[in-house]
Amino acid sequence: MLPFILFSTLLSPILTESEKQQWFCNSSDAIISYSYCDHLKFPISISSEPCIRLRGTNGFVHVEFIPRGNLKYLYFNLFISVNSIELPKRKEVLCHGHDDDYSFCRALKGETVNTSIPFSFEGILFPKGHYRCVAEAIAGDTEEKLFCLNFTIIHRRDVN
């Protein structure tokens, strides 16, 4: 009986289910997916129109979620790696509390946020490889973590 308990205890971390990838889009030059990177697993819906290509596309990323706190102040901590090389942490402030560019700024706790954010990769050349971006959304005066998402981008073609 002791070997069975020892064996099952040692292998349980190995046999647990890996973090489920949420499909985001699959284009001619990139596969993009995301998963949760914290235990909160906050319900969020992300899609793009058109599917993101890293070769000069532009469009909109659609985001829908219900914030657990007021969005008067909102910023993202971005941790990015390219082919396993870590880049410096980046802090991207979206909602300053005044003269904000985005309609969802000042949304209150419990209100549905449904927004479209424009993107463009015109003139940017991405080398092929494996990109990872962890995005932590931090909101409010108390700097509460709203959610954490781990984006994976596999760029299949070298455009240089």
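One-based numbering along the chain as shown.
The backbone N, Cα and C atoms fix where each Cβ goes, and this holds for glycine too.
The model shown is predicted, which means the values in this text are computed figures rather than measured ones.
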Swiss-Prot pairs Cys51 with one of Cys25, Cys37 in a disulfide bond, so which one is it?
Cys25
Of the ranges 119-123, 144-148, 149-153, which one does Swiss-Prot list as region 'Interaction with lipopolysaccharide'?
119-123
Would you kindly give the Cα-Cα distance separating Cys37 (disulfide bond) and Cys51 (disulfide bond), rounded to the nearest Å?
23
According to DSSP, does Cys51 (disulfide bond) fall in a helix, a strand, or coil?
coil
By Cα-Cα distance, the member of recorded positions Cys25, Cys37, Asn114 nearest Asn150 (N-linked glycosylation site):
Cys37
